[in-house]
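Asks: First, the structure itself, so that you have it in front of you.
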Amino acid sequence: MSSEDEEEHFVGDEHGLHGDGEVVADLVGGDMQHDGEDASDIDESFPENANADEDDSIHTFDGHKDAIFSVAWHPTSDLVASGSADDKVFMWQVSDDTGASTRELSGHTDTVGVLAFSKSGNLLASGGLDGRVGIWETSSGQRRHMLEGPGGAIEWLHWHPKGDVILAGTDEFTVWLWNAQTGACMQVFTGHGGAVTCGQFSPDGRAVVTGGGEGDCSLRVWDPKSGTCLHTVQGTQFHSAGITALAMSPDSVTVLTGAEDGSACLTNVQTGRLLGTLSGHTDSIEAACMAHMLPFSATASVDGRLLIWDTATLSVRATCRHPEAVVGMELHPTKPVIFTACLDGRLRGWDARDGSCVKEYTGHTEGIQALALSQDGSYAITGSDDKTVRIFATGV
C-alpha cells in the first residue's frame with residue numbers, strides 16, 4: 001500500500017457439570033450522579049454478603065484440567081463455551097445438568113485464549129497461542145475449519161455484525177480477515193509495528209479499528225474491503241505505551257482506548273482526530289466499554305479500579321475499587337450496570353450511575369480470568385485459575 005492511501009494523524013471429567021446455588025437478589029437502582037458531585041465521596045464499600053465460603057453460582061463446569069482464559073455465551077440460547085490452558089474448548093448448554101450436551105472441541109496445540117460466537121450463533125470461533133483460529137458448528141460441535149496463516153498467537157477475535165466473517169489480531173503485527181463459511185482469507189492488514197493487542201469491526205461493520213501494543217502504540221482505522229489504512233493515530237499527545245484495550249461507541253463514531261501505562265484516549269474514528277485524554281489509572285488498562293444509553297464510558301485496570309467516565313466532560317464520575325487487579329468487564333445490554341472480573345476470585349456488579357457496588361458473587365477459589373454475559377444480561381459466565389467455569393444469575 002502506498003503512503004498516499006493512508007492518512008496519518010500524529011497528535012504529539014468426565015466433564016463435570018453441577019447445578020447449584022441460588023438466584024441472587026435484584027440489583028438496586030439509583031439516580032445518575034450530578035456533575036457537581038465529587039467522585040471521591042461515593043461509597044465504595046463492598047456489600048456484606050461477600051463470604052469466601054459461600055457459592056453464589058447456579059452452575060459449575062469442571063471439565064478443564066488447567067486455568068480458563070476465555071468464555072463466551074451464545075447470542076440466542078443458553079449454549080456457552082470455554083477455552084483453557086489445557087488447549088481444549090468445551091461447549092455445552094447451561095440448562096443441561098446431565099452432561100449430554102457437552103462437546104469437547106479438539107484441535108488447538110496451545111492455550112485457547114479467545115472465543116466468540118458469530119452474530120447468528122451458527123458458528124463458534126476459537127483463537128489460540130498456536131496462531132490458529134478454529135471455526136466450529138454450534139449445532140454439532142464439528143470443526144468446519146482450522147484457519148492458519150498467522151505466525152504468532154491470536155490476541156483477539158471479532159465477528160462482523162452482519163455476516164460470517166471473522167477478524168483476528170496477532171502478536172506478529174498483523175490482522176487477518178477470513179470468510180468463516182469457506183475458510184478463505186479475505187484480507188491481511190499490515191502496518192502495525194508491534195503486537196495487535198485489541199481490535200474490532202465498528203458496530204455498523206464499515207470499518208476495522210485496531211490497537212498496537214508495545215513498540216507501536218498506534219490506533220489504526222481500516223477499510224475492510226480494500227485493506228487500506230484510512231487513519232493512523234499516534235504521537236506525543238496520544239498513547240506513549242502499548243494499547244491494551246479498546247471499545248467503540250454504538251454509533252461507530254468514537255473509540256475509547258486504554259494503554260499499559262493506565263492512560264485512556266477518545267478518538268473520532270471518521271476523522272482520526274484525538275478528542276481528549278482520560279487520566280486516572282496508575283497501571284495497565286485491561287478492558288474498556290462505551291455505553292449505549294447514558295453518556296458514560298468505563299475502563300478497568302490492573303490497579304484494582306473501575307473508573308466510570310463522563311464522556312462529555314472527560315472527567316471521572318465514579319471510582320469503583322477492588323482488592324486486586326481487574327482483568328475483565330462487561331456492560332449490561334439494557335441496564336446501567338457494569339460487571340467486573342477480579343483476581344480475588346469475585347464477580348462484582350456496579351451501578352454505573354453512582355458507582356456503588358450492588359452485588360458480589362462468590363464461588364471461585366482463585367482469580368477470575370474471563371467473563372461474558374448472556375444475551376439479556378440475566379446471567380454471567382466466568383472462567384478462573386481454579387480450573388472451573390461458573391454461571392451466576394445476575395439478578396438484573
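Backbone N, Cα and C define each Cβ position, glycine as well.
Bear in mind that TrEMBL entries carry predicted annotations, made automatically and left uncurated.
Since this is a predicted model, take the numbers as computed values, not measurements.
From TrEMBL, for reference:
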- 1-54: region 'Disordered' (REGION)
- 9-21: compositional bias 'Basic and acidic residues' (COMPBIAS)
- 38-54: compositional bias 'Acidic residues' (COMPBIAS)
- 61-102: repeat 'WD' (REPEAT)
- 105-146: repeat 'WD' (REPEAT)
- 147-188: repeat 'WD' (REPEAT)
- 189-232: repeat 'WD' (REPEAT)
- 236-277: repeat 'WD' (REPEAT)
- 278-319: repeat 'WD' (REPEAT)
- 319-360: repeat 'WD' (REPEAT)
- 361-396: repeat 'WD' (REPEAT)
Asks: Between the stretches 189-232, 236-277, 361-396, which wins on the count of C-beta pairs under 8 angstroms to the repeat 'WD' (61-102)?
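Replies: Going through each listed stretch, the top one turns out to be 361-396.
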Asks: When secondary structure is assigned with DSSP, how many helix, strand and coil residues does the repeat 'WD' (189-232) contain?
Replies: 0 helix, 21 strand, 23 coil
Asks: Within the repeat 'WD' (278-319), how many residues are helix, strand or coil going by DSSP?
Replies: 0 helix, 24 strand, 18 coil
Asks: Can you count helix, strand and coil residues in the repeat 'WD' (236-277) using DSSP?
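Replies: The breakdown for the repeat 'WD' (236-277) reads 0 helix, 21 strand, 21 coil.
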Asks: Summarise the model's confidence over the repeat 'WD' (189-232) as a mean pLDDT value.
Replies: 97
